[in-house]
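S.K.: This is the structure I have questions about; it appears just below.
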């Protein structure tokens, strides 16, 4: 008798039906990488950051709908694309610097665009 | 502890980059990387002109920075607020971080702004070519 639960109580870990996911959420929202994607978009020159922004949007949407697993997956994807953009940016910086060192000062003063 | 190290490292990198971008004009010296998108397609991406804009900003020329990349200049105040709040939360151990990033419509608005900026800055007519880098 003691282990019987009241009828109206939802099982542990599940959202009660009809209740808004806002308020006291059981799980915190996963990192959506939005700021990092913006930084990659406007500084790293590589449009991979835009993919990150799209996934950030997906994180926020899925979380607002109560789909925590989906939000987690979108968060991982956003992180992946943001990091790809970031590291490609780093690689291009290192490569252009290496070119400069290898070629020496021959092309030092050339117009950049 | 690792978080603290990350912040210190971030500060060192930002200060180092600021010195490099203050001293060398990306328009004159060619050891700065060129955007692959611009190099091969000869079109501007949303980030094109950022290096020259940073150089101009560090010298206090806000208008010429805006001429190189308006989106970057407009996003700087927001990013400054974001990162100073983050550092402040880190110091006080309380959460002051901006909550707007997690609003469902924020990424959509940012996405729309970036795409609109990307398209319009490549239109070669008078009202739009001011946006080009």
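Yeah, the Cβs are placed from backbone N, Cα and C, and that goes for glycine too.
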S.K.: Tell me which of A:59-83, A:84-108 corresponds to the transmembrane segment entry in TrEMBL.
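M.R.: Spelled out, TrEMBL records transmembrane segment over residues A:84-108, not the other listed ranges.
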S.K.: Hey, which bits of the same chain come close to the transmembrane segment (A:33-56), Cβ under 8 Å, at least six residues off its ends?
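M.R.: Apart from its flanks, the transmembrane segment (A:33-56) reaches 74-75, 77-79, 81-82, 84-86, 88-89, 92.
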